[in-house]
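Below is one structure, written out as structure tokens; the observations come after it.
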Amino acid sequence: MAHLDSEVTEECLREDLKFYFMNPCEKFRARQQIPWKMGLQILKIVMVTTQLVRFGLSNQLVVAFKEENTVAFKHLFLKGYSGVDEDEYSCSVYTQEDTYESIFFAISQFHQLRNLSLGTLGYGENEDNRIGLKVCKQHYKKGTMFPSNETLNIDSDIEIDCIHLDLQTLSKNPQDWKNSSFFRLAFYRLLQVEISFHLKGIDLQTIHSRELPDCYIFQNTIIFDNKAHSGKIKIYFDSDANIEECKDLNISGSIQKNTQYVLVFDAFVIVICLASLILCTRSIVLGLRLRKRFLNFFLEKYKRCVCNADQWEFINRWYILVIISDLMSIIGSILKMEIKAKNLTNYDLCSILLGTSTLFVWVGVIRYLGYFQAYNVLILTMQASLPKVLRFCACAGMIYLGYTFCGWIVLGPYHDKFENLNTVAECLFSLVNGDDMYATFAHIQQKSLLVWLFSRLYLYSFISLFIYMILSLFIAIITDSYDTIKKYQQNGFPVTDLQEFLKECGSKEKCQKESSAFLSCICCLRRNGSDDHLMLIN
């Protein structure tokens with residue numbers, strides 16, 4: 001009796017394992033189980049992509065409104081702005097007179113904003129709850145300097161003086177505040193002058209897209225940078241736009257109905273993702289329980305543990321990817337609904353969540369392509385080569401970092417692409433991909449012959465090493481994995497303990513019966529029996 005019970009237990013476990021590793025079409029033919037998860041994933045792809053496209057079009061309006069306002073502000077407040085930034089700063093001045101004129105020009109333009117601006121702009125309150133301009137200057141505490149005598153006596157402590165110019169002060173005679181002692185600048189001690197002010201605006205272009213408008217607060221800062229004391233003052237303009245909830249919106253028409261329809265659609269996406277999350281979590285829990293049964297049975301019968309590769313077969317990594325995608329879609333959809341109702345304004349976080357979730361959803365489509373043998377080869381090659389590629393990249397990364405630090409410290413003063421570590425890394429990555437090579441060689445300044453010769457040795461050695469050697473080895477690793485998979489397809493894959501257990505049957509008749517049911521087709525298309533061991537797919 002005990003022996004019979006053991007055989008029954010073994011057969012039940014084998015049947016459950018075979019059914020667990022069937023694809024949806026095989027499960028439907030075996031037990032008439034409808035592939036709910038597959039159908040739900042297809043529906044989710046359509047729903048999530050549609051949601052992302054609609055949100056992307058709305059987000060484009062937000063980004064365009066911010067960028068266009070920033071350009072408009074530069075033309076309004078920067079004297080002599082040409083429309084094109086000079087490197088990382090907006091423009092520059094070279095004389096004391098031009099500096100004074102630029103400062104007074106920005107202040108005067110702020111005062112006359114309502115008569116000048118074409119946008120829907122108004123004055124906003126700053127951090128002190130005051131309306132107007134805040135002008136601050138940084139300078140060394142005291143000192144004297146006589147360059148002709150090579151004499152310098154200066155206190156390196158920095159002082160910050162600020163003045164607030166409200167609208168009433170600006171409405172008076174301009175000469176009153178222009179002639180104040182605050183604006184008498186000692187340029188040999190001056191480090192920078194900062195003008196900051198807040199403006200409010202309303203984005204009306206969203207009405208054309210049948211959406212409620214957004215209210216913005218623009219925190220604008222103009223910085224006159226004289227820290228280098230090189231005779232050139234760089235002028236930086238920065239505008240930080242924050243979206244805030246409009247206090248009173250009274251808009252008639254069909255916009256309210258359109259908003260309700262979008263909210264209902266987003267709620268339906270949340271329901272779909274929640275159902276997918278529940279089904280995939282249930283499948284993972286069932287897989288873990290089945291793994292526990294198999295491990296206990298294998299330990300009792302064969303007195304040894306199952307290898308790690310077989311244990312990982314019970315954890316479907318695609319389901320984990322789907323669960324992460326569903327969680328991000330649910331959170332992103334909730335944020336989108338709040339943004340649509342104008343209760344929240346965090347477009348960036350919502351974009352990251354919805355964009356990443358849609359990426360994972362489309363990557364998950366590869367799972368269903370894996371049911372076809374031709375695509376399965378691609379997936380297996382990627383899986384086999386990934387660990388080797390990561391180890392190879394870790395080694396190549398050390399060389400890459402070495403070149404990055406070396407290029408930054410040596411070529412930084414002579415080449416704009418090597419000024420900081422971030423731009424050096426980007427420049428070298430472009431060179432690896434064969435982009436912008438001649439410009440990188442040509443832009444090196446030839447003021448120092450030694451540095452120029454070093455730059456040639458540096459660039460030639462980097463390009464030769466990474467393009468001709470490292471990239472070739474990188475491709476060779478992937479090619480080797482592909483050749484290995486092709487040989488396995490022809491000669492058979494190594495059989496694991498799990499696959500060996502699934503092939504065992506109580507009798508030949510039963511084995512043939514079960515083989516015809518279990519070893520059927522991939523995605524409803526019949527394949528050769530020799531290909532059944534290619535991949536265990538749930």
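Note that the numbers count up from 1, one per residue, in the order the chain is shown.
Backbone N, Cα and C atoms are what each Cβ position is placed from, and that goes for glycine too.
TrEMBL has this to say about the protein:
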type	residues	note
DOMAIN	62-247	domain 'Mucolipin extracytosolic'
TRANSMEM	261-285	transmembrane segment
TRANSMEM	318-337	transmembrane segment
TRANSMEM	349-369	transmembrane segment
DOMAIN	350-485	domain 'Polycystin cation channel PKD1/PKD2'
TRANSMEM	389-411	transmembrane segment
TRANSMEM	457-478	transmembrane segment
Segment confidence, the domain 'Polycystin cation channel PKD1/PKD2' (350-485), expressed as mean pLDDT: 86
Tertiary contacts of the transmembrane segment (318-337), as residues 6+ beyond its ends and Cβ separation under 8 Å: 41, 44, 48, 51, 55, 263, 266-267, 269-270, 273-274, 276-277, 280-281, 283-284, 344, 346, 349-350, 353-354, 356-358, 360-361, 363-364, 367, 538
Counts of helix, strand and coil residues, the domain 'Polycystin cation channel PKD1/PKD2' (350-485), according to DSSP: 116 helix, 0 strand, 20 coil
